[in-house]
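What Swiss-Prot says about this protein:
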type	residues	note
DOMAIN	93-239	domain 'Nudix hydrolase'
MOTIF	128-149	motif 'Nudix box'
BINDING	E134, E147, D169	Mg(2+) binding site
ACT_SITE	E143	active site, nucleophile
Amino acid sequence: MQLKTSIGLITCRMNTQNNQIETILVQKRYSLAFSEFIHCHYSINANQGHLIKMFNNMTINERLLVKTLDFDRMWYHIWIETPVYELYHKKYQKFRKNWLLPDNGKKLISLINQAKGSGTLLWEIPKGKPKEDESDLTCAIREFEEETGITREYYQILPEFKKSMSYFDGKTEYKHIYFLAMLCKSLEEPNMNLSLQYENRIAEISKISWQNMEAVRFISKRQSLNLEPIIGPAFNFIKNYLRYKH
């Protein structure tokens, strides 16, 4: 069994207009299903129902992109200008072997045509994979800055809070570890312009936004990743922290 670990930072603020706790969430620019397909994280020998389910979980635009059979365009949709030539060559050869050589993509297009509905782009807590010899907290801080543009001096880490969640997809165990931070007063205003921080963020992020608990619940119902079991306890911790702080 393979284990993949990601580490993130739940960063909160008190919205001074509505007196609600909010946290920063980022939205991926592509669906998890699309990423899994492009990186060949599936079995070509799996039953058709499993493959169709993967296409079901893509957005309509992603399915249309796959139907072009243009792997360069699919790859660019995820990586943009990031130079990962060795990985690209490896994944292209697998795509070519799986779908182009047998029948010039006819089976792939047929499977996509059987897909129904539309997947959603994932909202999640800023997180990422640790580098070699990097501590969990250092990783969380680095990933948060890379994805939001907010640097370390603008928030306070609350070291008493650390929470993790895991899930297993039949082949790989995914473990997410989260730390908690509170934004400094200077950035608590509701009109804080996150778009300025976002403009030069990494390619995988499409949006960044403050979300309260009601919004977190709404988002969780519309996607496969349920954020409430992580963000709910974090908000409760913040409430107690603010109560005793004052």
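Just so you know, the numbers here start at 1 and follow the chain as drawn.
From the backbone N, Cα and C atoms, a Cβ is placed for every residue, glycine too.
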Helix-strand-coil residue split for the domain 'Nudix hydrolase' (93-239), DSSP-based: 64 helix, 37 strand, 46 coil
Fewest other C-beta atoms within 10 angstroms, as judged across E134, E143, E147, which are the recorded positions: E134
Mean per-residue pLDDT computed across the domain 'Nudix hydrolase' (93-239): 87
